Amino acid sequence: MSIVFIGFMAAGKSTVGREFAEKCGKKWIDTDEWIEDTVGMKIPDIFAKKGETFFRQKEFEALCFALEHAEVITTGGGIIETEKCREVLRKHPNVYFLQAHPSVWRERLGDAASRPNANTRSRVELIQLYIRRLPWYEECSNTIIDTTKLSLEETMQRVESKFIGLNGAV
């Protein structure tokens, strides 16, 4: 049974997903990395040269591919922007919404050059974007973990505990 991590930027999706996959010996796909590899461009360049509509279509393709070929899937923060991605996520039994308070975003983001939304928006605009997306994250997930005050180890313990509780094994 696969597990999908969704959430806003800097919530820890990629870090937790990679660690979870390594610890459990499962195949991991990050949808943003898959898009970059498939298109042959970094995400900011895709947004700049091909546009957001093109990117969102590739994001849907990446999600579908990952669900067929991986057991651990991490997504970009905007995966829930399109209805077709939300529809796919709502049908999946193991979608974990990793949530982080805005107070930790900057610290976790570091150099935001690789993140189109963080690179071009003010803190207020990012919070507004998060607030707009929040109902979709909640609607598409069946497990919510607030990572704001958790270490990676604590987050991993919560993910493993929830996953075992729902699926019986890792």
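Cβ coordinates come from backbone N, Cα and C, glycine included.
A TrEMBL annotation is a machine prediction, not a hand-curated record.
Annotated substrate-binding residues in TrEMBL are Asp32, Arg56, Arg133, and among Gly77, Gly165, Gly168 the one listed with them is Gly77. Taking the Cα of Ser14 (ATP binding site) as the reference point, the closest of the binding-site residues Arg56, Gly77, Arg133 is Gly77. Using a 10 Å radius centred on the Cβ of Gly77 (substrate binding site) and all shown protein chains, the other Cβ atoms total 21. Residues Asp32, Arg56, Gly77, Arg133, recorded as binding substrate, reach a greatest CA to CA spacing of 18 Å. For Gly12 (ATP binding site), the nearest of the binding-site residues Asp32, Gly77, Arg133 in terms of C-alpha separation is Gly77.
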